[in-house]
Amino acid sequence: MPQLGFLHGRAWAALLGQLRRPPGAVCIGAVHSHSQGQKSLQAAEATLASQLKPHKEKSNFIIKTPKGTRDFSPQQMVVREKILDMVISCFKRHGAKRLDTPAFELKEMLTERYGEDSGLIYDLKDQGGELLSLRYDLTVPFARYLAMNKVKKMKRYHVGKVWRRESPTIAQGRYREFCQCDFDIAGHFDPMIPDAECLKIMCEILSGLQLGDFLIKVNDRRILDGIFAVCGVPESKFHAICSSVDKLDKMSWKDVRHEMVAKKGLAPEVADRIGDYVQCHGGVSLVEHMFQDPELCQNKQALEGLGDLKLLFDYLTLFGIAEKVSFDLSLARGLDYYTGVIYEAVLLQTPAQAEEETLNVGSVAAGGRYDGLVGMFDPRGHKVPCVGLSIGVERIFSIVEQRMKTFGQKIRTIETQVFVATPQKNFLRERLKLIAELWDAGIKAELMYKNNPKLLTQLHYCEDMAIPLVVIIGEQELKEGFIKLRSVASREEVAIKRENLVAEVQRRLS
């Protein structure tokens, strides 16, 4: 009797052994009783019955992406690629080299690098004796790379995914998995020259993407620490209070003050003094005004920060972007690793955008100076000063995507330049020869995967996909040694010699 493919081999053999044994027969050397044999037979029968039962229907479940993630359609990928191409071309224009690092790091490399945000790091299950976490940003892995490879000077860019275990706000372009585009300058240089270039890069990218008017807020962590010191904040609470100040772009001063006092134990009068400072913003004139503050000028850190900001505004004026930058004392950038100048770009709603639905995406680019981070990874504590920026491509994409929906813009999802068609049957071989010539010449070409497609179907596809040119071959063309070249937009056709096809297509596409 043949073995059934869906029944486990050993179970089948055991069952056959029981069924073939004559009634009352006992195997040589067997010590099992008749009742035990009966139990074995029943077990084998139960196994057979369970395997022969039809599979139960799977329980209902919802097919979806994990919370805080998303798929990108071909139309969306076209838009994303254009955004990324523009960003990367700007990074390259400023002399950056590309770098990549693993998607996960040793957990100890990431722990305690992000202050209060450390709780948002995704930890992975122990595999092979290493505790790992998904990278939270691209900055800490860059610092680890510099320290590990003893690199003292580098201008690099990095495009990659990062993960944060926070509550996603899809409407604001906030996800748990998202792409970051970073540009950083590492090394000892004269003050504020690399910092000014980072701000120039932000302006170039945001202007090139044509997102509308924008403003870059600038501050310095040394000035903030100086303010905290003169206001009477205990040094042990500097980072905690800085984290509260960082929420002023999302919360009112009243709510931030309440958090400082009720949750972080700050004296009410100290919080009020902080409020007098952090609600100020302006240009280089505010920097000059801060120099006149008698208490602040007694603080060495604050004085250094104000001096660097004054120099920064001089360079920004030379770059022609000073009017795009505002000295804003409410800007804090909650991450612990920032040590000096910090900045954040926000979009400004204009009257021209009144017909668009308001999309509050927060900052679209941010960064700052982090001179101590590399030293945290170096066994000897050798520091490599760094400054950098990150472009919020997900938020930018949300804005561009919404505008395209508002104005009904269509997106071409393929880059095909030429379609090889035929009006007659049995011309697949000739079409394959033609398309091979086009591919070998570096021309983006397609054909229909049918032996005998209808010409109208082929032409409709070209119009739907906005393919500019169609090459048509049939019996007459093959016999006389020429090819028809059709413009999809004008529907005009011209006959050209077969040997001139590639040259003519290249001429038209150029």
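Note: Cβ is positioned from N, Cα and C throughout, glycine not excepted.
Packing around Y338 (L-histidine binding site) is summarised by its Cβ count: 26 other Cβ atoms lie within 10 angstroms of its Cβ, all protein chains included. Under the heading L-histidine binding site, TrEMBL lists D137, L138, T139, R164, Q180, D184, R333, Y337, Y338.
As annotated by TrEMBL, domain 'Aminoacyl-transfer RNA synthetases class-II family profile' applies to 68-423.
Largest Cα-to-Cα span within the L-histidine-binding set D137, L138, T139, R164, Q180, D184, R333, Y337, Y338: 21 Å. Set side by side, the binding-site residues D137, T139, Q180, R333 differ in how many other CB atoms lie within 10 angstroms of their CB, and the most is found at T139.
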